[in-house]
Amino acid sequence: MAQLCRMDSALSTLDEETLWDTLESHRCKIVQSICPSRLTPYLRQAKVLGQLDEEEVLHSARFTNSAMRVGHLLDLLKARGKNGAVAFLESLKFHNPDVYTLVTGLQPDIDFSNFSGLMETSKLTECLAGAISSLQEELAQEKAQKEVLLRRCQQLKERLGSAEARAEGLRQLEVDHSRMKHEVSVHFHEVLKLKDEMLSLSMHYGNALREKELAATRCHSLQEELYLVKQELQRASLVSSCERESRERSLRMASDLECEGEELNRLKEENEKLRSMTFSLVEKDILEQSLDEARESKQELVDRIHSLRERAVAAERQQKQYWEEKEQTLLQFRKTQVDCELYREKITTLQGQVAELQKERDQAYTARDRAQMEISQRLVEKDALRRRVFELTEQVCELRTQLRRLQAEPSGGSRLWWDLTSTSCREQMDSFRSSSPMPPSQQSLYKRVAEDFLEDPESLSFPEVLEVRLPGATGDDTDTDLEYEILDGADLSQSEDSLQEFSRSPNVSESSAPVRRRPARKILSQVTVLAFQGDALLEQIGVIGGNLTGIFIHRVTPGSAADEMALRPGTQIMMVDYKPTQPSLRATLENTTLEQAVCLLRRVNGSCYLSVKVNTEGYKNLIQDLDAKVVTSGDSFYIRVNLAIQRKGVGELHAHCNDILHVTDTMFQGRSCWHAHHVNPYTLKDMEPGTIPNYSKAQQQLLALIQDMTQQCTVPRKPSGGPQKLVRIVSVDKASRSPLSSSLDQGQLASGREEGGSSACFWAESFFTLAPYTLVHPHRPARPRPVLFVPRAVGKILNKKLCLLQGFKQCPAEYLSQEEYITWNQRGDIIQEGESMGDHHWVTRHAVESLMNTSTHALLDVRLDSVRALHRMDIFPIIIHVSVNEKMAKKLRKGLQRLGTSEEQFLEAARQEEGELDRVPCLYSSLASDSWSDPDSLLSCVRLAIADEQKKVVWTEESPC
């Protein structure tokens, strides 16, 4: 290597160590300010940098940004010793004179006599001539662009007045929109208050009815006791009168017998008299014959008397029996008469109550239909207003962009402070990358300082590391794998002093300007944060993947900013940060679907941060699966359909409400539809494939279906247990961070494209309230699952019979003291209070799991709102819904009488509990009313349903936040 000669006198006296110490002290400024591709030709001609070293510096995949490439270049030159330092300073003198002045403190003097002899004069001249010609061409282009911009500025100034007037009109529309939104919120809260008051009144009314029924029951029992006492008195009087009559009758019969004895004696005396008299033979024969006849008549009379006595005794006995039967019959008759009167009064009262309830029910149905109609109309009006707001917002954004372009070229001495206060996208883009061959100007340094200070005033006071947090996220939601790195302590103190001096006076020297913090990567997480110009990012890169595999870069446009940042196919995108939008976009792309990722990246149109990592193995596996047509994307999740989807074309999938579908592609063939499969309920395998509408289109179908059902409110209502239901109403506060919310964004993006704008595609994440699809997760419990019946009255009837069978047992309510209840409740082991046992008795997790561990189905008598508590305990109950109507209620009359419940009360409770089934976060088995004819056949159907549900996969929804 040639010897050093013809150097500046100030640098010739410095040795190698002093030169490199000077360069290292300004290393941070050097790596931020220079472009390695401009310096490497001179260094290669000076023979301090080889061709392989140049290729490694400029094209190595290990270096993902310009700062890392310059750092590696300095490390290679340091290995060349003093010649490397001198050649580097000479290249700075030519290409970056401001950096040369900052490092050496000397003014650059481009004179061939002052250069070292590290390269030949002819080669140096050729290199310098080429660089000068390129600079002249760029300068001419800049002048032409300046003239065009001046003419454009004059035109824009003429249009500024009209733009300001239109902006004022748009601001007035925004105020009206916020006022209407506030009024809707106020009306919604008033409706909630009215509903709460109606609920409290209904509860008070129910309590009053129960108290009235108890009073009527008590009155009835007192009347029965009074009637029994009266009957006892009447019976005693009747017995006494019967005894008196029997005594009189016996006395009369005794007197009759005495009369007959006197007549017999008289006849005996006459017979003796006749014997004493002397008669003739003829007379004697006649008398004997008369005597025989008299004897015969006497015997007949005696026999007749005996028969009469026997008949009298039998008649007396039969009379007593008849009297007893008569008394019992009279008693039963009077008791039945009293009961009939009581029941007549009770039926009259119940008929009045039923009429009132029917009237209230009809009013409630009418109010509900009216409210649904109003809700649907308001939703349609909301959509129209929001589309109008999106159009106006797009116009505002265009006007603001034009205004910022006008403000980008101020005149006179106010240019410096105009740049300091401007927050346009052009300034942010200039802060990261400049297309000019000249180094950043002093005004650009001022703008960078002001931008850092306005964005984060406290960032300059942090010691070493600044963590990146999502907007509005708490500490738990912070992505700790991604960080930003700023200056060390020495440079930080220098930056603070410079910023304070800058705040005091606008006249700041070049050496006092602080440097901008730079993105860096955290080595342990292998995640790299890239800052570059992402204009129309999806035109620079193409992505594939999904929530299962991750989002990968599949295509990079040659010559784009993404290509210059060394983004290659196989790089996985972890997070995107794009601040120029309002609100700012910062989202993590892990566990997001392809549809959501494309919609997020489509919004990026300017300076952005991309957090990426190399995942070659995952990308290769995805490409192999796509080439083998095993999958069509990297998406995979399960949903529960909340509406009936009809097949309208070839390839579309027919689905009922509450069906489970496996979604495998959210951008199937580039259309706004999802590719899904029906799922085998026992093996979890995919079955019939087809396409279904995406989230936004399904939501429109759901709203249209609800509106059609509301308009058909005059059609008579079908009884419970009828055909397959069409809609399941599931309301949500806002779209959650799940694969389902992406379709909402995609739908809004599509509507924005149709209307000519793209800035409003994500503004609707919080106003949709009806969910056509619900995200679900599969579970396979190994132990017997507990059983819960709907309606609960049917469950109480069936639980008594199921407890007699093997494998079923009623779950008892445990007694807990106040301290035990507080402890168990803090652990989340309380399911529900035992209503039949009273206070201090609770259905607990321990009681349910103790039965499950013995291979027994626990029979639960709890409300449907306890299902979420059971799911949090990893207990997944089997819900059996028994559809009932008036005909089926009559079949359960005996069981309902034992429970003290009438058929009308049972049917009303069944309707209320059926309405709560839509809010249950899992599937349930339903038994049609025509599948059973008596309680025994119902018990058989229930046993078969429980056995079938135990074999199935359990699908549960996510708990609401």
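Placed from the backbone N, Cα and C atoms, the Cβ positions cover glycine too.
Looking at the stretches 90-131, 132-173, 174-215, 888-929, the one that TrEMBL records under the feature coiled coil is 132-173. Look at the domain 'CARD' (15-107): DSSP puts its residues at 72 helix, 0 strand, 21 coil.
The helix, strand and coil residue counts that DSSP assigns across the domain 'PDZ' (542-616) are 14 helix, 33 strand, 28 coil.
The domain 'PDZ' (542-616) scores a mean pLDDT of 87 in the predicted structure.
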